[in-house]
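Quick look at what TrEMBL annotates:
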DNA_BIND  B:129-228  DNA-binding region
DOMAIN    B:6-119  domain 'Response regulatory'
DOMAIN    B:129-228  domain 'OmpR/PhoB-type'
MOD_RES   B:Asp55  4-aspartylphosphate
Amino acid sequence: MSDQHRPDPEAFLRQAAREGRGRLKVFLGAAPGVGKTYEMLAEGRQRREAGIDVVIGIVETHGRRETEAMVQGLEVVPRRIVAHQSHALAEMDIDAILARHPALVLVDELAHSNAPGSRHPKRYQDVQELLAAGIDVYSTVNIQHIESLNDVVASFTRVRVRETVPDSVLEEAEIEVIDIPPDELIERLKEGKVYIPEEASRALTHFFSKSNLTALRELALRRAAQAVDAQMLDYVRAHALAGSFAAGERVVVAVSELPQSAGLVRAAKRLADALRAPWTAVHIETPRTQGFSEEERQRLAETLALAARLGAETASIPAAGVAEGLRSFTADMRATQLVIGKSTRSWWFELRHGSVVDRLIRDIGNVAVHVLPGEERPVSGGAGQRSRGAWGQPLDYVWAMLMVAATTLAGRLLLQLIDLSNISLLYLVPVMVAAASYGLRAGLATGVASSLAYNFFFLPPTGTLTVNNPENVISILVFLGVAVVTSQFAARMHAQTALAQASARQNATLAGFSRQLTASASPEEMRHAICAEVARLFDVRAVLLVPSALGPQLRAAYPPEDRLDEIERAAARWAMEHDEPAGRGSSTLTASDWLFHPVRGKAGVIAVIGLAREDAGEPVRSDQVPLLMSLLNQAAIALERVALEEEMMEAGQIRERDRLRSALLSSVSHDLRTPLTTILSTTRELRTGYSPELAETLDAEAQRLNRFIANLLDMARVEAGALPLRMEATDLFDAVASAVHDTRPALAGRAVEVEIPPDIPLVRVDATLLHHCLINLLDNAGRYGDPDTPVTVRAVRRPDAIDLSVIDQGPGIPPGEEKRVFDTFTRLEGSDRAKTGTGLGLAIVKAFAEAMGLAVEARGMTDPPGACFTLSIPRPLILTDLSDEDLP
Amino acid sequence: MKLRHKLLIIDDEPQIRRLIHAALARADYESVEASNAREAMERLREERPDITLLDLGLPDRDGLELVPLIKKESDTTLIVVSARDMTDEKVAALDLGADDYLTKPFDTDELLARVRVALRNRVSREGGTARVQAGDVSIDFMAHIVTKNGREVHLTPKEYGVLEQLAKFPGRIITHKQIMDHVWPHEHEHHVEYLRVLIRTLRQKLEDDPQRPRLIGNELGIGYRLRLEPEGE
């Protein structure tokens, strides 16, 4: 019970999407002349009087006086003049309206096609943009312009209009039917009150017959009722009012290259609408599909595009046969309704190939199959063009005849050895080879040629074509039969191989693509890989843009030097904002050379891919679109994966930073307070009387504090990445001497033994960073070395490096801990290791040394026991062979 | 009759001013104070101090900008006393005309030593000296002769050029650029490594233990200083 009351999330989303969007009201008429424009203007005026900001976007008065009177007093946005082939066309100026941003705009003739070069080819797309900008729109349309009714209207009026409006536009609109009785309309027509374009007047006279008008009127009323129904349903679903719906319905329509497929698509749309079901248009790619002519391909693409425009999902599925493909597809989709066309093929074709419809109905499970009649005759040209392929190449026949000739020659030679009747078996070889290799017709021709040759050269009387034996008639029939059977088998195998190859190719492409993507670690690399792969696979130039606050940003391109100009940018932006393809070959901004496809992630468009062909042709062939879609899906998944990985890495870094921060805080509170406590109490003691020991303590603790703060500062610089390197020639004597000088208090009177060969070369390092490394190492040696033992600073020249080591004598480093000592806030556990220190010193040594390109290493010493910390200065940083004689 | 030297302390921290004032008073110097750049320029004009101690972090103006202004305004010896420890800033201050640089935290003995050096240099600049004695090394500017323990040390012209630059203002930091501008006046691009090689040979000739140089002190990344009283370990 509760299930029934759960709001349908999709219905809710649809309602939510409308918030902030303008409302569309459509004045729907059955025919021209019913007074839609007048009614729209009248209502516009009313709204204006009610204080609403109303402007006229575009209104065609067609010189009607009543209509013109209605325009008076309403603000009209001036039209934009578009030059087109020496005509000046006045189109609605959408940018001016957007800039003016009224509350309500009146836009006549929703189905109008814009002048070429406009932003959108169709006016309803302009209206969509106005709505998206939050502007309410009133518009008008006649029933015959509605996409899904186009066929129906054409079927009884015999007038087909080219300008159509997708049903989806009307689905979100409030519809008001402008209804007058047909008699009255005919009366108005006679009075000349109806505008008819002159060139169409003859056709329209038929159009305005009473029966037509009645039918149109009924259609308009029904369409309006349907819209009300749909909106009611949406409301009911969004608010979870109790009610029952046909849940889980899905309509699948099978489309082919034949012209009547468009009618099937429209019928499926009506069925899906009636069922409130999602629907899918599918094309089954069979071996036969490979032989399509360009015209057939184009028509198929158009049909699929029509379906997409009407709100269907589209798919192309490779399969060995139409029936098999449809069966598995409907099963996969869990379709409940299947719409297919009635075969228009000859009985002969069906006899050979079997009727798809029959087989489907027999095999398909729980699916209602709607078989609809074709509405138009197939165009004859297509079949003729296709059959040329079956005839094969002329060269094939030459080879076949040569084989027959060779067999004849061989037969003549073998005649001494074998019986005449067996010679005929020899001729089976060329027949089978020709049928298998070159197809049925070549096989048949070879069969005929073979029987003729056998007859002429071998059957008595030789040298003539007379048949005096029924045996020979049979042998001819056998040849032909073998040719037919062999070629059928071979053709089927060919087809299956070709299909398997095509599908393997596609799979390989996809697998290769995803392999390329997995190989890239960063989003940057991945974007480049996507571009490079798409460019390679489709032989196009490819760019990838990502959304940003400033609009689409070009992030990757292949070839890399591509830059986009204004119209490309606009198309990319459109694709990104509207989640639809834009640019060349789409329905928006077609003047662009580029085609932009959105890459859809879970949370909307995450990127836009642009494709352009060098020769400025269509970037993607219609049969490549499914592959492109699959690639884009994969790209989206991959991009999201990398983004997720990056987020997780960031989260990991933040956790690590947090750990460091808390370690730092505890360290700071301990290590700052300890010396401060000593300093405070010592100064208090000093007030009572001066003693040199107290002053000494004060000095030592202050030094410790200073050292600690210096380390904190250094670490902060390392972590902020603000470590400007000043690599310059440095004398290790100077470096060691000043480090020893600065750590004298920390070394507490310990001897420092400096063992540096006098001829040690200069090294190129950052003197300050090296200094900090050395004082931290000396400080560390002073702290952990046993009391009264010396600290040794030793430089050793190796062939490829200079090792600068600081060695103490003490407990050393436990095995296995050599690497860990350099971690931030690591202090080795151990009885006498719990000495003061921040645990920062060695981490700073490592960070600074590595910043300069030096390697650091810690190891335990055994004789005498202790620790040895080594900085290795690699060969490139050693200034060899620089002596005073070379100086300028 | 003893001439009391006058010092100007420019620092926005009263505690630091008080500390320096006390230390200077102990050494019998007279001092005046300024807590910001505007005040500093006024005091400079009114008091004509011999030495100015300048903190770079002033509330109304960056101390580095003040360095050339102070040098233009008076002939005071300028010692920068700052918590800024980046090498670049030290070099910038010295190249802009500061005479010495001391990093906070410092101890007052070090400060007083620098002040003494500065005052001696002022005297020698005014009176002019022909000889400088640093430990057991003696440099005769007129004769271009350098002796150690009374025995002449042979120096190449370049080596002498370096030593001369250091000895002109003994005890004061001389930046790499200042030395090299003098020794290689025609080289536009300076190579510190050449200077390092010269310093090494100089030390081998003049230091008791070239591995632990005491006479020619190195200032990390900035320059060198000739120590008049070579310090012990």
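Just so you know, glycine gets a Cβ as well, placed from its N, Cα and C.
Classification of B:Asp55 (4-aspartylphosphate) by DSSP places it in coil, neither helical nor stranded. Under DSSP, the residues of the domain 'Response regulatory' (B:6-119) split into helix, strand and coil as follows: 56 helix, 26 strand, 32 coil.
Non-local neighbourhood of B:Asp55 (4-aspartylphosphate): B:Ile10, B:Asp11, B:Asp12, B:Glu13, B:Ile16, B:Gly63, B:Val80, B:Val81, B:Ser82, each in the same chain, at least six residues away, with C-beta under 8 Å from its C-beta.
Per-residue confidence over the domain 'Response regulatory' (B:6-119) averages 89 (mean pLDDT, predicted model).
Here the DNA-binding region (B:129-228) is broken down by DSSP into helix, strand and coil counts: 35 helix, 25 strand, 40 coil.
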